[in-house]
Amino acid sequence: MSFRDDSDDGRDLRKPFLHTGSWYRMGSRQSSMMGSTQAIRDSSISVLACVLIVALGPIQFGFTSGYSSPTQSAITKDLGLTVSEDSSFLYMGRLLEGFGVGIISYTVPVYIAEIAPQNLRGSLGSVNQLSVTAGIMLAYLLGLFVPWRILAVLGILPCTILIPGLFFIPESPRWLAKVGMTEDFEASLQVLRGFDADISVEVNEIKRSVASTSKRTTIRFAELKQRRYYMPLMIGIGLLVLQQISGINGVLFYSSTIFEAAGVKSSNAATFGLGAIQVVATLVTTWLVDKAGRRLLLIVSSAGMTVSLLVVAVAFYVKDFVSSDSGFYTAMSILSVVGVVAMVVAFSLGVGAIPWIIMSEILPVNIKGLAGSVATLANWFTAWVVTMTANLLLNWSIGGTFTIYMLVSAFTVIFVGKFVPETKGRTLEEIQFSFR
């Protein structure tokens, strides 16, 4: 099937703002929208351009998430807040943030999964978490030099670029097929794979998948008892909830506080170093996910988090019973910092990115909107709970807090080993059919 043949009727197909961004209707005869069609004929460049645009959303999310760590002390001091007032201030900000960012958290990985070629789906899907970590690191870095009020203003820049950029990317081919826009669906897929590519096999797979699902946009509650629905929904929600209960947001949001308790003098600089390490580890995941597989990386990642959190918990427990002037106390301080860094690295190698990838791959097309929204809501609710409780738990007992997070990570290993399937090297249609 060729996109060239569909454009021979002479219609003007250059409509970049049609259907919220379907510039895919640009005909190959009209050789230039941005100077040359050569870039658009290369499917990797076409898909990569779309991914880079939507990645601005997760960068915004990461920047917002990392904002509190370098600014918390300054905000408390400037506004004269107590610990409880500061926590309430942060919770309200997180609640307001959640309304917008919650949408981004779900739609970006799903969109990337639906436009990416099978052999690049894992790597491109990891860009979502990579962008989040890059945004966090950027907030940490600028927080070293910029007052907290100016830093808040700088945080709107990614969305300022993202919003107009959304008008220039194609709609998801699978979504277009689901709503019956067959001509647009094939045109969108053609521009994503390249004008010279043969997309007939992929078109037929998507059509079969859509035809095999209910044409209704909603399903009855009783139908959720079917394995094809409850298994992917349970796995998706389970992974995203466990991702948050592992305590990663508590560690990142209060990393400066944790480093201060460990005896690090320049805690904000150490926090930036932590953010940089997280970006590097996520880059490694982007490279590994389509080679090693999702399931293996999840097991290794959650097991690494369990060990790291155990080390941190033991180090802080021991510090409570030794003199602060002793060499053993210093050794435990160093060990706790190493454990925190190892925990963030282990998280970034799998638990950070892969739950979003798997969620976007396993949900059936006819419930993906509803089920994905429920999974994202569960993720954000648990993130809110962790954020709300982390400061209180750390004031109660740092060692006890990390022990709780360690037990959750250990349970994650069991959950992945028992329920999560390997999705590497399979089309979305094959993955979803396996649950029937």
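Backbone N, Cα and C atoms are what each Cβ position is placed from, and that goes for glycine too.
As given in TrEMBL:
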type	residues	note
DOMAIN	1-424	domain 'Major facilitator superfamily (MFS) profile'
TRANSMEM	43-63	transmembrane segment
TRANSMEM	89-112	transmembrane segment
TRANSMEM	124-142	transmembrane segment
TRANSMEM	148-169	transmembrane segment
TRANSMEM	229-254	transmembrane segment
TRANSMEM	269-289	transmembrane segment
TRANSMEM	296-318	transmembrane segment
TRANSMEM	330-358	transmembrane segment
TRANSMEM	370-390	transmembrane segment
TRANSMEM	396-416	transmembrane segment
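Model confidence over the domain 'Major facilitator superfamily (MFS) profile' (1-424) is summarised by a mean pLDDT of 78. Away from its own ends, the transmembrane segment (296-318) comes close to residues 239, 246-247, 261, 285, 288-289, 328, 332-333, 335-336, 338-340, 342-343, 345-352, 354-355, 397-400, 402-403, 405-406, 409-410, 412-413, 416-417, 420, 422 of its chain (Cβ-Cβ under 8 Å, at least six residues beyond either end). The stretches the transmembrane segment (370-390) and the transmembrane segment (229-254) meet in space: the count of Cβ pairs below 8 angstroms, excluding pairs fewer than 6 apart in sequence, reaches at least three. Just going by CB pairs under 8 A, the stretch in 229-254, 269-289, 330-358, 396-416 that sits most against the transmembrane segment (124-142) is 269-289. The list of residues near the transmembrane segment (396-416) in space but at least 6 beyond its ends in sequence, with Cβ under 8 angstroms from a Cβ of it, reads 238-239, 242, 245-247, 250-251, 258, 261, 295, 298-299, 302-303, 305-306, 309-310, 312-317, 320, 351, 390.
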